[in-house]
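Asks: Structure in C-alpha cells, see below.
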Amino acid sequence: QVQKCTSEIRTLGIKCDELNSVSYYVKTAFMKALKKMNKEQKNKHYKEINEMFDELEKMTRKKVKLATQLYDSVDEDISAMDKTTKRLEAGSRRGHNDEELSRFR
C-alpha cells in the first residue's frame, strides 16, 4: 500500500506541475490580450482558467488524502512494531527461550 500511495502521489504531483505550467501560460496570455478581448472572449478564457484551477484543486486534495492515508498506514505499522518489540523485550526479561519468543514475530 505504501508503494501504491507514493506512486499515485508522485503521478498526481507531475500532473499538477504540468497543469500549473499550462495555466501560467494561459493566464499570462489572457492578461496580455485582455484589453483586446470582447466580453464573450473574456468569459471564455476566464472559464478555462477556472476549470484548470478546479482540476488543480481536485488533484491537490487527492494528493493530501493519499498522503494522509499513507501516514496513517505507516503509523499503524510502527505502532504494531512497537507493541511487538515491547512484548519481545518483556519476554526476554522473563527468560523465555527463542522458541517461545518466535510466536510474536
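Easy rule for this one: first residue shown is 1, then count along the chain.
Any Cβ shown, glycine's included, is placed from N, Cα and C.
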Asks: Pick from 8-38, 39-69: which range has coiled coil per TrEMBL?
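Replies: That would be 39-69, the stretch labelled coiled coil in TrEMBL.
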Asks: DSSP on the domain 'Inhibitor of growth protein N-terminal histone-binding' (2-87): how many residues come out helix, how many strand, how many coil?
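Replies: DSSP classes over the domain 'Inhibitor of growth protein N-terminal histone-binding' (2-87) add up to 84 helix, 0 strand, 2 coil.
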